[in-house]
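For 736-751, the entry in TrEMBL reads compositional bias 'Polar residues'. Annotation comment: TrEMBL describes 305-453 as domain 'GAIN-B'. Annotation source TrEMBL lists region 'Disordered' at 732-751. According to TrEMBL, the transmembrane segment annotation covers 456-478, 499-519, 539-559, 571-593, 613-638, 659-682, 688-710.
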């Protein structure tokens with residue numbers, strides 16, 4: 001069989017027939033060849049039973065021409081100078097089947113100005129362009145639309161083969177079909193014409209294409225069109241072909257190119273298309289295994305209300321170097337009892353790599369995306385079934401990889417944490433109970449990218465919180481013990497009111513933290529977790545606003561305004577600042593972020609940072625108060641050199657100085673604590689920052705006891721006096737019980 005390129009036969013006295021863009025040369029011996037078929041489609045005319053097949057024309061070998069109309073075979077192709085021209089839009093393919101990509105320009109040549117953009121053409125044989133964005137004075141690729149695929153190319157080989165058919169040994173010349181091939185305008189039209197039973201005609205072309213961003217986007221649209229226009233009668237053969245096409249762009253080698261597709265919803269469109277196509281699948285036999293590709297598996301079975309508990313078990317490898325990742329979809333028996341007596345079917349699809357490319361619509365520009373830590377499992381169930389149980393094996397098996405059960409909401413294009421709840425998290429496996437509906441058909445588990453728990457952190461937090469709570473309780477006991485002796489002026493009264501409220505606020509916040517940590521490790525109740533987050537937010541803010549009131553107390557004391565201000569008015573101002581301002585901030589934050597489920601973090605009962613930046617409602621007021629307090633301390637340090645500070649109210653001045661020292665010590669400690677706390681939100685922050693923050697945060701109660709109470713000499717003096725008086729009373733009571741009078745009374749009672 002001739003394997004070289006096809007040539008046009010040089011004719012001596014032949015006839016050139018033109019039909020469309022295809023030229024046919026007929027010689028005196030009825031010899032015939034084609035020109036454009038060979039050039040455009042690289043079609044090698046096959047031989048079968050000694051017959052040369054070409055465009056519905058059967059050419060017998062030489063010597064077998066027995067009557068007019070029978071055209072002898074061509075022993076070989078000869079050169080012919082053709083006047084046929086290839087149109088500008090036609091593509092030539094290399095003999096190997098894959099287009100030669102050539103060298104792609106990897107950057108722009110112009111000056112790189114921040115946030116500027118440029119584009120470069122794609123390599124040879126590709127349509128589209130590559131977009132670049134200037135970032136930190138370097139050109140970085142941002143988008144790519146390079147594609148070698150088209151609707152015409154998908155079906156060009158199939159169109160040729162459909163016109164090459166086995167026929168009779170001889171065909172009269174008047175029945176030969178010299179018409180140009182029909183132009184295919186859509187994927188649905190091409191599949192209906194060339195491979196309506198199994199879609200196999202597009203598989204080879206897709207598999208031979210490079211997984212550029214443009215080709216991936218083209219294939220996503222291809223699958224989307226098939227699921228929309230050709231899902232009326234989905235058989236297992238069609239599902240296999242469909243999955244082979246999807247498997248090509250889910251390969252681990254293609255994952256990195258998904259990031260450069262201009263349409264950021266492409267991954268969501270792919271998932272939805274596969275789910276919609278699988279929904280129309282009809283299972284005819286009892287076999288569970290329908291598709292078994294490397295990066296997509298499909299299983300299904302029949303069931304009815306008498307079926308016992310059913311489950312799909314998947315085991316898929318992420319790549320050739322890792323062990324298989326397990327996943328299970330379980331339909332509880334109580335759900336199966338809801339089915340009608342007639343048979344139904346259940347289908348499940350597993351994706352090992354899809355989770356790494358799913359882009360949420362609300363977090364496209366977020367630097368800390370929510371990472372999938374297991375298989376993505378889709379289910380197609382009868383409408384009456386609404387609850388399923390899923391078991392996921394963690395991909396990242398490190399001990400700090402916390403899990404969150406979620407479902408993909410196809411309309412919102414985001415992970416919905418309300419669709420599932422965690423029922424078990426043991427070692428490397430997570431068990432979820434999820435609600436199934438037409439909008440949420442796919443499920444997985446997420447992990448926090450910034451959660452860095454460690455045994456050291458756990459120990460520091462546990463020990464530190466215990467010491468902090470005990471210290472705050474001791475602080476309140478000491479204040480209650482010495483209250484009457486240290487509250488001698490209005491300023492001293494308000495100073496100790498501040499200390500008590502600071503201790504109460506931090507103590508309550510620590511209790512809320514302990515409650516929240518319980519919900520992190522067990523079954524999370526969303527509403528309770530929101531409530532815990534709110535109170536933690538409120539009381540931590542109260543801590544800082546009472547510190548702010550202490551600073552204002554210093555300023556008013558220096559300006560000698562307290563001489564004319566009533567104690568009741570000072571109390572109203574103090575509580576308005578200490579509790580009123582935090583309440584307004586906390587309520588406003590909840591009202592703005594909670595309708596979008598963005599008030600708290602997914603992995604902890606604390607303020608959200610990833611999607612809504614709700615944590616700023618705590619960080620900004622806290623850091624501003626720290627800055628204000630430090631400025632006040634500097635102002636007092638300057639004013640202590642002036643003689644005006646010493647007034648007739650020398651006792652108040654001494655109290656103001658003690659308040660200033662207290663603020664000067666506690667403010668940097670609190671500011672430093674939450675400064676490290678904000679630093680831990682940055683991805684890949686060193687573990688040492690987490691340890692320092694955990695230490696400072698856990699020991700805040702001890703710092704308040706030490707620097708706010710024990711180091712105040714007035715409190716120490718009052719405590720000594722109080723202890724001495726208690727000791728004196730106990731000795732007096734003891735002496736009284738041992739006196740002769742009491743002894744005689746005792747003897748008389750005995751008598």
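Using the three backbone atoms N, Cα and C, a Cβ is placed for every residue, glycine included.
Caution: TrEMBL annotation is automatic and unverified by curators.
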Close approaches to the transmembrane segment (456-478) from elsewhere in its chain (Cβ under 8 angstroms; 6 or more beyond its ends): 499-500, 503-504, 506-507, 510-511, 513-514, 690-691, 694-695, 697-702, 704-706, 708-709, 715, 719
Outside the transmembrane segment (499-519), six or more residues from its ends: residues with CB under 8 Å to it: 465, 468-469, 472-473, 475-476, 479, 525, 528-529, 532-533, 535-536, 539-540, 542-543, 546-547, 574, 578, 604-606, 700-701, 704, 708-709
Which of 539-559, 571-593, 688-710 contacts the transmembrane segment (613-638) most, counting Cβ pairs under 8 Å: 539-559
Counts of helix, strand and coil residues, the domain 'GAIN-B' (305-453), according to DSSP: 13 helix, 69 strand, 67 coil
